[in-house]
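This report refers to the structure that appears directly beneath it.
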Amino acid sequence: MVGIGRKKIFSKKNCTNIHDVYANALKLTKSNTIPQDSTNSTNKLDELDDKSNVLDDKLDESDDKLDESELEVRMYLWHFNQCDNKRCTGKKLVRSGLVKELPMTQRFSGIILTPLANTLFSLNDTETVKNKGIAVIDCSWNKINQTPLSSFQTKYNNVMIGNSRILPFLVAGNPTHFGKPFELSCAEALASALYISNMRSNAMEVLSVFNWGPTFIQLNQEAFDLYSSKGFTSEDMVRIQEQYLNEQQTKSNQQKSINSIDYQNITDNIT
């Protein structure tokens, strides 16, 4: 898991379509959970468009080279044994051989996904993921306030503080926390970082272990496309995340307006 916890209950059965999922997710997202940036967003987003065009050119030039998404990525986790083993996505990934469990005393110099991080994961972290791997802290969202994450970092992993990352706004697709913003499973967290890093086949390999994997991608496809093309730095991600949430809120409001139209009354007045 990685992100910021929520106590409100959200059920998959309450949603009829992706618009409903996002409408509820936005309600659960509080403004103080979204990092703010005082820099002029318009100018910065224009700069991101220029960077994105350069990235597209580089990707076009590398079509005949080895697909970076086919590279093997080393994935790890620290497990606090708080989850139901039958539902724990981290344990399932370990059993599948895709992820290696680390002892609590094991130091790690790769990227670490943790809810304590202050830096958003970005494309800038891609090389570290490729060269040193990526790890996630596996604990229960229901016990997040009881988990000694701070002491764990300080006592065992001083190295991890500099490489700690938190993921941007994404909506969970797993059955336990379906539709909740930020409350991703270990599998979703790892897959998200890989997807944002444009290592998509690796991300899909992680999600292929779960029958709900495609649902997670479908829920977040627009966000993934934005993060993976313009999120070069953590600062970029802050602005992109804010822009994306504003756009989703606008769409949600528009959808509400459409749903509130009394078509029967209009038809009666016309006929």
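Placement of Cβ uses the backbone N, Cα and C atoms for every residue, glycine included.
For 73-107, the entry in TrEMBL reads domain 'RNase L inhibitor RLI-like possible metal-binding'. The S-adenosyl-L-methionine binding site feature in TrEMBL is assigned to Thr89, Ile137, Leu167. What TrEMBL lists as domain '16S/18S rRNA aminocarboxypropyltransferase Tsr3 C-terminal' is 111-245.
Overlay of TrEMBL feature records on the structure.
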residue: Thr89; record: S-adenosyl-L-methionine binding site; DSSP class: helix
residue: Ile137; record: S-adenosyl-L-methionine binding site; DSSP class: strand
residue: Leu167; record: S-adenosyl-L-methionine binding site; DSSP class: coil
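For the S-adenosyl-L-methionine site listed in the record, the two most distant Cα atoms among Thr89, Ile137, Leu167 lie 18 Å apart. There are 23 other CB atoms within 10 A of the CB of Leu167 (S-adenosyl-L-methionine binding site), with all protein chains counted. Long-range Cβ neighbours of Thr89 (S-adenosyl-L-methionine binding site) (same chain, at least 6 residues apart, Cβ-Cβ under 8 Å): Asn174, Ser185, Cys186, Ala187, Glu188, Val209, Phe210. The Cβ of Ile137 (S-adenosyl-L-methionine binding site) has 25 neighbouring Cβ atoms from other residues within 10 Å, across all protein chains displayed.
As a whole-number mean, the pLDDT of the domain '16S/18S rRNA aminocarboxypropyltransferase Tsr3 C-terminal' (111-245) in this prediction is 86.
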